[in-house]
Structure formats: structure tokens, C-alpha cells
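These features come from Swiss-Prot:
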BINDING   Gly165, Arg166, Gly167, Thr192, Ile233  NADP(+) binding site
Amino acid sequence: MTATLLDGKATAAEIKDELRVRVKALAERGVTPGLGTVLVGADPGSQAYVNGKHRDCAEVGVASLRRELPTDATQEQVDAVLADLNNDPACHGYIVQLPLPAHLDTQRVLELIDPDKDADGLHPVNLGRLVLGYPGPLPCTPRGIVELLRRHDVALRGARVVVIGRGNTVGRPLGLLLTRRSENATVTLCHTGTLDLTAHTRAADIVIVAAGVPGLLTSDMITPGAVVVDVGITRVIGPDGKGRYTGDVDPGVGEVAGALVPMPGGVGPMTRAMLLTNVVERAERG
């Protein structure tokens, strides 16, 4: 591989070091940032994901507020937990772990989150704030991508950026972040309806792939020296019958790109660091 690897794990560790200092300053004011998690059911993957969030909290001094409900919890019970977190001054932000059991109204649950305590930054109100340029919690994965590029001195101002994928958690909000005046990139959002995807990616300085299609971006689709960010994560079964996770970027891209954000070890750690950042910022605002 000739591409320079942009290490999200190391960068996230730097951010956590900075957050520890900020959390200590808050403690001197008598404030302890608190992150809440709402977990309904006992799915092992969801439990592991939530446990990882609370390990991150412990690393930087953020308090953990766990709310766990059985799989058969009623809509009213879930609503009550969210109301409690919305009104709890010890909670500065929280997430609802998805997916929820099928009998629950996911959209209703997400919209019940107090937008100011929306640690994921994906509440409709906060996405609207992003569109309008108003302050508010920012979506964690897009924010993490921008922060990772910035901390590795990847020029964004005036850069031609192609984002592949128009999902509400990454693609759409990422385009909004990159076109803010503070970034000033020129963004093309590609998707399943895009004609001649390669023509777009070959013209780009930066290609960010968040489509959930393993190996979608290949080495012949980029210009030599381009920056490539792999956001995709898909579980596939290998020839040996064992499951593994793979990204949207073919390994051969590393021989052509100038810099590569890999999967794993790239965007994932940055997403988690930005979740903590959103909570600490909320505590700092009071």
C-alpha cells in the first residue's frame, strides 16, 4: 500500500485526551457531563455497542446513565424513560440504541428526544438547524469524518468532494457539513440513481464512500493521489464460512490513493469521540 493511512483510532485518542481536560474544568465548576443510553431488549450486538459507549465515558470522566428495558416493553414505558432523561439535569445527552423491537414506533421514539440532548445529532430539529446554519448537536459520523480530515491537514476549502451514499446518518448531513462556510468544499452527492459514477469519482479530490456495498470503490475509479474515506461496514461470509466485516473500498485503492481512511480503525473511533464531544459541549453550555 502506498497511501498514507489516516488513523482514526489515534486521532480519537487525542480528542479524548482533550476532553479529559475539559471535563476536569467542568468538575471544578461542579458539573459532571452525563451520557444516557436507552436499550430495549437483549440483542448481543446492541449490548456490546452500548457497553462500548460507556467504556468511552469512563475513559474521559463522563457519567454513564443506563436505561434498560425488556424486549416486550410497551410504547408508554419507553416514552416514560425518554421523558425522565429529558427532565434529568444530570443527563446532558443521550442515545436510543437501534433497532428497536418491531412493536415500537421508532420515529415516535426518536422525535421524543429533547433536541438539545440529542447526542447523536440526528433529531429532525437538529438536522434542520444544520441546514439553516444554526448551532446545535452535529451528527457524529459526519462530524468525525470532517474532524479527522482537518486534523490530518487535508485541504477542504475549494476541494471537489464526492460522497457516495445519501443516507440520513452519513451521506446527506455530511454534504451539509462540508458545504458550510467553515469548510467551503464543493460536494457532489452520488447514489443509486447516479449515471457514470466513475466519471464523478475520477474528478474528485476526496471520495467518501458510505453506501454499504462491499468493495464498491475500486482503484480504477479514482485519480492518483486522491483522499479516500471508507465509511461502509457490511458483514459478509468468507470462503471459510466465517463472518467478517468489510468496507466499501476495495483494497487495491490503497495503491492509487494519496491518503486513505480505512475500515476498521478509521471512522468508527471518530464517531464515538464525537458522541462524547457533543455531550461535553452540552454540559459546557449549561
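Yeah, the Cβs are placed from backbone N, Cα and C, and that goes for glycine too.
A map of Swiss-Prot features onto the structure.
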residue: Gly165; record: NADP(+) binding site; Cβ contacts under 8 Å, 6 or more apart: Gly171, Cys190, His191, Val209, Ala210, Ala211, Gly212, Val231, Gly232
residue: Arg166; record: NADP(+) binding site; Cβ contacts under 8 Å, 6 or more apart: Arg172, Leu189, His191
residue: Gly167; record: NADP(+) binding site; Cβ contacts under 8 Å, 6 or more apart: Ala210
residue: Thr192; record: NADP(+) binding site; Cβ contacts under 8 Å, 6 or more apart: none
residue: Ile233; record: NADP(+) binding site; Cβ contacts under 8 Å, 6 or more apart: Gly212, Tyr245, Thr246, Gly247, Met263, Pro264, Gly268
Farthest-apart CA atoms of Gly165, Arg166, Gly167, Thr192, Ile233, residues recorded for NADP(+), distance in Å: 18
